[in-house]
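K.L.:
Grabbed the feature section from Swiss-Prot, which reads as follows:
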type: REGION; residues: 1-67; note: region 'Disordered'
type: MOTIF; residues: 2-18; note: motif 'Bipartite nuclear localization signal'
type: COMPBIAS; residues: 36-53; note: compositional bias 'Polar residues'
type: DOMAIN; residues: 230-449; note: domain 'RrmJ-type SAM-dependent 2'-O-MTase'
type: ACT_SITE; residues: K238; note: active site
type: ACT_SITE; residues: D363; note: active site
type: ACT_SITE; residues: K403; note: active site, proton acceptor
type: DOMAIN; residues: 751-785; note: domain 'WW'
Amino acid sequence: MKRRTDPECTAPLKKQKRIGELARHLSSTSDDEPLSSVSHAAKASTTSLSGSDSETEGKQPCSDGFKDAFKADSLVEGTSSRYSMYNSVSQKLMAKMGFREGEGLGKYSQGRKDIVETSNQKGRRGLGLTLQGFDQELNVDWRDEPEPNACEQVSWFPECTTEIPDSREMSDWMVVGKRKMVIEDETEFCGEELLHSMLKCKSVFDILDGEEMRRARTRANPYEMIRGVFFLNRAAMKMANMDFVFDRMFTNPLDSSGKPLLKESDIDLLYFADVCAGPGGFSEYVLWRRKWHAKGFGMTLKGPNDFKLEDFYSASSELFEPYYGEGGVDGDGDITRPENINAFRNFVLDNTDRKGVHFVMADGGFSVEGQENLQEILSKQLLLCQFLMALSVVRTGGHFVCKTFDLFTPFSVGLIYLLYCCFERVCLFKPVTSRPANSERYVVCKGLKVGIDDVREYLFSVNIQLNQLRNTDSDVNLVVPLSVIKGDHEFNDYMIRSNESYCSLQIKALAKIHAFVQDTTLSEPRQAEIRKECLQLWEIPDRARVAPSPSDPKFKFFELIKDTDINIFSYKPTLLTAKTLEKIRPVLEYRCMVSGSEQKFLLGLGKSQIYTWDGRQSDRWVKLDLKTELPRDTLLCVEIVHELKGEGKAQRKISAIHILDVLVLNGSDVREQHFNQRIQLAEKFVKAVSKPSRPDMNPIRVKEVYRLEEMEKIFVRLEMKLIKGSGGTPKLSYTGRDDRHFVPTGVYIVRTVTEPWTMAFSKGWKKKFFYNKKTGESFFTLPPESIAPFHTCYYTRLFWEWGDGFHMRDSQKPQDPDKLSKEDVLSFIQSHNPLGP
């Protein structure tokens with residue numbers, strides 16, 4: 001066998017020459033190295049390669065450059081090289097071509113030494129396009145911004161110590177002058193240098209593509225990932241953010257002693273108004289937080305930015321009633337029209353017992369594309385009208401939150417001053433959910449004072465003036481004299497500090513976005529972490545936004561009643577006869593209601609998806625053929641009653657839902673509560689879902705409930721009326737609280753305590769008390785174990801049937817001997833009533 005060192009195994013001369021040339025290329029170190037050194041390296045390499053492969057033979061040294069070039073293993077495996085990130089194949093290929101770190105390829109190392117830079121092409125810009133003016137330095141150090149933090153601080157204006165201005169004092173406050181369309185000289189409430197710097201930073205983005213700016217903004221804002229979570233939009237999370245920061249003063253207002261003003265067990269609703277706030281994110285949050293214990297009224301401009309109630313996935317939009325001013329649901333919703341302001345005010349007061357709402361939210365804004373620096377001036381009337389609406393519908397002690405923009409002009413600051421006078425406390429606040437690069441901030445007002453009517457009427461007159469001056473060269477430039485504003489030094493100082501603070505914040509945020517546009521590798525590393533912290537702090541579940549899936553009524557019914565015996569729902573009431581009359585001997589335990597038709601169970605799956613069932617297992621749930629809406633997960637015991645209004649040819653008939661009892665209200669199971677409490681909750685629920693602005697919808701009412709010992713009150717409401725289609729024969733009719741009447745079919749009698757408890761009257765204490773027949777215990781307060789839950793009330797109820805044989809008046813047909821008369825029942829009740837006649 002031939003050895004590798006034999007002459008026959010050596011490379012041919014041609015191959016040796018080729019290797020020599022390769023050695024010359026690989027050994028070259030720089031473009032400036034003399035040719036003699038290259039030749040010397042080539043000679044040494046050739047000599048070495050033309051001899052033996054043995055490491056010990058000849059001891060002829062190779063050129064260092066050539067040797068390094070072919071140390072593929074060290075190049076591939078060395079971790080110290082900045083090229084170690086590349087795989088071994090690419091490194092070997094480069095090594096074979098003679099690559100050495102820090103030098104270029106080529107005979108004289110004339111190749112480029114640095115890696116080819118990534119493309120600086122931005123978005124869809126033309127190849128090589130540079131935006132003149134944008135790429136210049138802003139000379140703003142944005143890197144010293146504070147660390148992102150979920151905890152926020154609130155700085156309130158000092159409490160206003162001056163009296164609320166009256167109409168006489170404000171009579172000459174309004175100043176009309178030449179319309180002003182520049183902002184650069186508005187330096188009364190902000191330093192000139194800061195103002196101009198901010199305007200410059202804003203203007204830089206005028207030439208930038210919007211999509212490019214949005215991408216950079218998304219990467220630059222540490223709070224960007226909060227987004228809308230499972231709500232309709234980001235606005236909902238702004239409200240959640242502010243609600244937490246201000247100690248839930250919107251969704252859980254407190255009284256003067258610091259206790260909750262409203263409890264879920266109370267009969268009072270939390271009323272709110274949402275103006276200029278389509279598509280309704282603020283309202284969706286409030287209704288999600290308070291569920292059916294809140295009722296909202298809304299007015300916004302009709303059109304593409306109207307309320308999107310069908311997109312309220314996390315809350316029941318049935319609890320919200322849009323009203324568009326003059327014309328109601330057919331109005332235009334323009335808040336600058338005085339007629340709309342008055343109409344909305346009257347509507348809200350009529351439906352809140354003339355008290356007004358607990359708080360108003362306003363989030364108005366419109367596109368100012370191309371005129372971003374003039375946003376404050378262009379939005380001045382909108383801002384005024386939102387403030388005016390709040391003073392028109394907020395109840396005494398109520399709250400107000402409204403979006404504002406820059407507040408540099410004396411006009412805007414004057415409006416803030418009027419709020420400062422009308423509310424107990426006021427502050428300007430920018431939540432972390434509001435992007436730092438925009439001029440958006442919120443004025444938050446707490447505790448409306450008494451005696452603000454003159455201010456409201458003054459703002460109303462200013463709005464009329466603004467409407468008259470529209471499309472002219474004149475404008476209202478002042479609503480409060482500068483001397484008055486600056487005369488209140490604490491207010492003036494706060495205003496300047498606030499403006500300059502937000503101005504500095506905005507400048508840094510704009511500079512940061514500018515840097516992120518120029519360097520697309522920059523990003524905020526803590527976005528996900530900050531999002532998690534904020535959601536936990538604000539008590540918002542971290543779940544995706546998903547549209548509610550359609551439900552099968554039977555499946556939903558079993559889901560709501562849980563493990564309750566289905567047979568309970570098929571029980572029929574015990575008829576009240578002479579034989580069963582003894583059951584109502586403990587009269588203090590019973591309540592009664594007038595019936596108008598057959599009892600049914602009604603299931604609400606959201607909107608108009610409403611089904612009824614008569615309680616028999618053999619029957620199915622049937623879609624209700626009425627125009628009404630109910631929140632999902634609602635289960636009621638009802639009657640569908642034909643109500644009548646008027647008599648004769650003008651008589652009108654409408655089908656109404658009458659609630660006898662409630663089981664589940666918008667997911668809240670109330671079956672274990674006392675019957676009286678369930679009826680109170682039913683009345684509260686009906687207030688929340690009623691739509692006074694929609695006369696085309698079938699009404700929902702709660703039965704009037706009477707104490708059994710006061711049953712004679714029912715008969716006061718009974719009279720003979722002519723019913724259209726009855727052949728001219730008067731029929732017995734029961735007139736309800738709303739002046740509508742119906743033909744009664746009988747009276748339901750419901751027991752409110754459960755065995756072995758009963759109710760009695762203490763003559764010594766002159767009080768009712770609860771008595772346990774087994775243990776002999778007695779209490780003046782209601783023992784929880786004595787409460788009759790829904791299923792007990794349902795299967796123990798009695799029904800006093802009135803038919804054609806029922807005798808109440810002499811004008812009616814003769815009495816049926818098998819039926820109890822009015823005198824029979826009333827005399828029995830009176831004889832067993834411990835309270836006396």
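Using the three backbone atoms N, Cα and C, a Cβ is placed for every residue, glycine included.
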K.L.:
Looking only at the domain 'RrmJ-type SAM-dependent 2'-O-MTase' (230-449), report the model's average pLDDT.
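P.N.:
Looking only at the domain 'RrmJ-type SAM-dependent 2'-O-MTase' (230-449), pLDDT averages out to 97.
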K.L.:
Taking only same-chain residues 6+ apart in sequence, whose CB is under 8 Å from that of K238 (active site), what do you get?
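P.N.:
Once residues fewer than 6 apart are set aside, K238 (active site) is near G281, F282, P431, T433, S434, Y442.
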K.L.:
Going along the chain, which residues six or more apart from K403 (active site, proton acceptor) have their CB under 8 A from its CB?
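P.N.:
In sequence order, the residues whose Cβ lies under 8 Å from that of K403 (active site, proton acceptor) (at least 6 apart) are A362, D363, G364, G365, E440, R441, Y442.
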K.L.:
What are the helix, strand and coil residue counts for the domain 'WW' (751-785) according to DSSP?
P.N.:
2 helix, 16 strand, 17 coil
K.L.:
Look up D363 (active site) in the DSSP assignment and reduce it to helix, strand or coil.
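P.N.:
Going by the DSSP assignment, D363 (active site) belongs to neither helix nor strand, so it counts as coil.
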K.L.:
Let's check the environment of D363 (active site): how many other CB atoms sit within 10 Å of its CB?
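P.N.:
Here the count is 22.
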